[in-house]
Amino acid sequence: MVLHLVPRWSASLFRASPRWKKTYSQRASAQLKWLGCPRSVYSPLACRAYSKVSGSPEVMLTPERYPVQRLPFSTVSEEDLAAFECIIPGRVITDPEQLQTCNVDWLRTVRGCSKVLLRPQTSEEVSQILRHCYKRNLAVNPQGGNTGMVGGSVPVFDEVILSTALMNQVISFHDVSGILVCQAGCVLEELSRYVQERDFIMPLDLGAKGSCHIGGNVATNAGGLRFLRYGSLRGTVLGLEVVLADGTILNCLTSLRKDNTGYDLKQMFIGSEGTLGVITAVSIVCPPRPKAVNVAFLGCPGFTEVLQTFRTCKGQLGEILSAFEFMDAECMQLVGQHLHLTNPVQESPFYVLVETSGSSAGHDAEKLTNVLEQVLNSGLVIDGTMATDQRKVQMLWALRERITEALSRDGYVFKYDLSLPVERLYDLVIDLRTRLGPRAKHVVGYGHLGDGNLHLNVTAEAFSQELLGALEPYVYAWTAEQRGSVSAEHGLGFKKKNVLGYSKPPVAVKLMQQLKAMLDPKGILNPYKTLPARA
C-alpha cells in the first residue's frame, strides 16, 4: 500500500479505516490553520507574557513560603557596588523594575530580593567579580535564561545575581567535525540557527529554546526532545571553561573527541547547577543536519497501546527514530482550552508524537508509513496525521511543546520531573487522581517516553500547603519504590534539594557535599540549592 503525498501537506491524514485517505479533509485543513507560526514563537519562554499575566498578584517571597533560613553571608554595600562598577562599567543594575524579572522564576513560584544584577561579558570579568565576592563573603546566584523549573536560577534571599546574558558570542565552529565553541550566554535557539546555516544541528532541543542559555543547559544537564537520538550533554559536551568560587579560571575547553588524560573534570560541572563553578564557555559536538524529518501525531486508545506502539517504532524504525513523546487527554484539553490550539486527530485517551530524521526522504517516509499502517491496522492507533514538510513538522511539535505554557495558565502548578521504568510511567498519574480527588484541578502526565521521563503536573487554583502535603513526600517515595529518579532532567534546584536521598544513597550525598566544600569552602555559589544542608 502506497501513501500518496499531497501538496504542502507532505502526507495525508490517515483514519482508522481499511485504506488511507489520499488527501486531508476540509475539516482537518480548517483545524490546522493555527499551525502558521514558527515553532519558536510558541516556545513558552519566548513569550514571557504568557506566564506573567497583567495584574496578577505579586509572587510570595521564597522564605515566606518555604522553611529556609538565610546563611551568614555579607550584604551588598555601596563599596561593593563601586567595586563592581570598576570591573564592569555601566553593567551594574540596581533598578528595582529590572531586578524584579530576575528575582522571580518564570513559573512565578519563588521570589528572591536581590538588590544587584551584574552583566559581565568575559570570563575575566566573571573571575574578578567572584574574586571580590569570595573575599567579601557575598553569595552569588548565577543566572542564564531563567527558564528553570525548580527554582535554581533565582535568588532565595539577597544573593548577587550574576547574569551570562551578555556572554553570547560564538568563539569558533569547525564545519568538518561539527564542533562548536561558544560563550555560556548564547541562546539555544540562536545557536541552532547558526549551526543549521552550516548544515548541522544542536544535539539538544527544548521547548524553552527561545530563552534558555547553553551554559544553563549544561549546568542543569538538560535532556530535552532529542535525547532519544543524541543522548545527554554528558556525551556531547567536549569541554568547559569554568570560573571557580575564588575567581580561579579553569580552562578545560578542549575540542578533542578523545582525551584520556587524568580525571574528566568537566563532568563535575555538568549538572552541578552553578554550585561548583560558573560555566563561562562550552565546547560541544553538533550532529549533521538530517536531510529528511518526518513527524506523525497519533491517537491511542490506552497507555498499553502507547507502549506497544513505541516498541513497534523502536524495532522497525531503528536508527532514524529521533523522538517519541506522549501526552494524555487532559494535556490536549488544556492546550485547547488555554491556547486555543485544535486537536488535529480524533479525540483519544493518549497521544503520541513520533519523529524520524535521516538522510533519505523517500526511504524514511516509506519506513514510517509502513509502521503507521501496521499500528493502525492492529488497533494500537485510533487516528493520526503525518507531515514531512518542515513548517508542518513544527506545527505538530507545537502541540507537545506548549503543554507547559498551557499548564501555567491553569493556576498554580506542582511540577515533578521523574525517571521511571517505561512500563510504570503512567501508573503514578492514575494513582494521584484517586488520591487527590477534587483538591486538584488537573493531574496530567506527558513526557519523553523514549527515555522513561514523566512530566507529572498537578494544577490548583492557588498554592496549597494541604495539597503539597498530599503530594510530598508521597510522589518521591513512590518513585523510589520503582528505583526511579526524582529528577530526570530539570535538576534539583531549590525546590528538590531535600529529596536527593530518595535517589542517591547517603554515602553518595556525603561525597557530593564534600566536593562542594572543597571547591567552594565558603559556600557562596548558588547557596540553598541542589544539595541538602550538611548536618
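Note: Cβ is positioned from N, Cα and C throughout, glycine not excepted.
Taken from Swiss-Prot, the feature (R)-lactate binding site covers Arg400, His490. Note: His490 ((R)-lactate binding site) has non-local neighbours Gly148, Met149, Val150, Thr220, Lys415, Asp417, i.e. same-chain residues 6+ apart with C-beta under 8 A of its own C-beta.
DSSP classifies Lys415 ((R)-malate binding site) as strand under the three-state reduction. Among the features that Swiss-Prot reports, (R)-malate binding site is placed at Arg400, Thr404, Lys415, His490, with the record citing similarity to another entry.
Following the DSSP three-state reduction, the secondary structure of Arg400 ((R)-lactate binding site) is helix. Here Swiss-Prot flags Arg400, Thr404, Lys415, Asn457, His490 as (R)-2-hydroxyglutarate binding site, drawing on similarity to another entry.
Look at Swiss-Prot and you will find His448, His455, Glu489 tagged as Zn(2+) binding site, backed by similarity to another entry. Taken residue by residue with DSSP, His448 (Zn(2+) binding site) is part of a strand. Long-range Cβ contacts of His448 (Zn(2+) binding site) within its own chain (separation 6+, distance under 8 Å): Gly223, Leu225, Phe227, Leu228, Ala323, Phe324, Glu325.
Per Swiss-Prot, the feature domain 'FAD-binding PCMH-type' maps to 110-289; the stated evidence is sequence analysis. Taken as a whole, the domain 'FAD-binding PCMH-type' (110-289) shows an average pLDDT of 97 in this prediction.
Counting only same-chain residues six or more apart in sequence, the Cβ atoms lying under 8 angstroms from the Cβ of Lys115 (N6-succinyllysine) belong to Val76, Thr94, Leu99, Asp158. Secondary structure at Lys115 (N6-succinyllysine), as computed by DSSP, is coil. For Lys115, the entry in Swiss-Prot reads N6-succinyllysine, with the evidence type similarity to another entry.
Annotation source Swiss-Prot lists transit peptide at 1-50, citing sequence analysis.
Cβ neighbours of Glu489 (Zn(2+) binding site) (same chain, under 8 Å, six or more residues apart in sequence): Thr220, Asn221, Ala222, Gly223, Gly224, Phe227, Asp417, Asn453. Note on Arg400 ((R)-lactate binding site): other Cβ atoms within 10 Å of its Cβ, all shown chains, come to 25.
With every protein chain in view, the residue among the binding-site residues Lys415, His455 whose Cβ has the most Cβ partners within 10 Å turns out to be His455. With Arg400, Thr404, Lys415, His490 listed as the residues that bind (R)-malate, the site has a largest C-alpha separation of 17 Å.
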